[in-house]
Amino acid sequence: SFYVATASALLGAVLVTLLVSDPEVSEEEKASAGENLNIAVRDHAGDNLLDPVFTLGLASLFIAIGIALLEPLQTQINTALGQSATLFGVEFAAFTLAQVLLQRPIGIWSDEYGRKPFILVGLLLLVPATFVEGFVGTPLAMVVARFVQGIAGAAVLAPAMALAGDIAAGRSSGTTMSVLTMSFGLGVAIGPLSAGYLSGIELPVGQPYATPFVFGALLALVGFVLVYTQVEETVQANTAPNAGPNPSSSD
């Protein structure tokens, strides 16, 4: 499997080299890019407490933590659900499958109807999807929970990147966008660590490993509140039906 991963990375590097070109960047943008590498935490341009990109970074952090909680609990989950390592792999992959199927259409819809509604729905959907993973009793139920979690992830990540891109139009785009990718990577690291620690705290209900998933659900709820209160929409929703051509007046 490590050979496959290495070959995939090399193939990706070759494809990017051959098929991707850098956009034109003005000298003024180049000069200003390195002036300030700090991450804005406070919202100095608006009326909110937190910077919108920082808030989206927190949402990305929380969703990544929720995704990664499953990984270190393979042995406990396989034992509790009476399943094989292959079934665990299916459960783990269900999240990614939902992402692959839905990220593009959700990205298109967010261009038309706005970014924030999808992010909020995704974070709200992430709460029960993550929570039930600590309580389900069959492999099929876990697959469904992970797939729904993937739907929630697609609803958050693609619009969040697009919204950050909208905001980055007035900033250094690379620095701005890196907040989200950095936060997601940090969440992928924190998720397994927190799951390993919290799995030792057993709740009176649910599976023995339920605590990490309750924690992940609470983080998603916090993310929902933060985005709802601290992030403004950047796209004017276009929900009105297309109007037909105006009939010409008759003399």
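Heads up, the Cβ atoms here are built off N, Cα and C, so glycines get one too.
Remember, TrEMBL labels are computer predictions, not curated facts.
Mean pLDDT for the domain 'Major facilitator superfamily (MFS) profile' (52-251) in the predicted structure: 88. For 52-251, the entry in TrEMBL reads domain 'Major facilitator superfamily (MFS) profile'.
Among residues of the same chain six or more beyond the transmembrane segment (53-70), those with a C-beta under 8 A of the stretch's C-beta atoms are 39-41, 77, 91-92, 95, 119, 122-123, 126, 130, 133, 146, 149, 152-153, 156-157, 160, 163-164, 167-168, 176, 179-180, 182-192, 194-195, 212-213, 215-217, 219-220, 222-223, 226-227, 230-231. Annotation source TrEMBL lists transmembrane segment at 53-70 (among others).
Summarising the annotation, TrEMBL assigns transmembrane segment to 118-137 (among others).
Among the features that TrEMBL reports, transmembrane segment is placed at 143-165 (among others).
The annotation transmembrane segment is assigned in TrEMBL to 177-197 (among others). A Cβ distance under 8 Å defines the sequence-distant neighbours of the transmembrane segment (177-197), meaning residues of its chain 6+ beyond its ends; these are 39, 53-54, 56-58, 60-73, 157, 160-161, 164-165, 168, 209, 212, 215-216.
As annotated by TrEMBL, transmembrane segment applies to 209-228 (among others).
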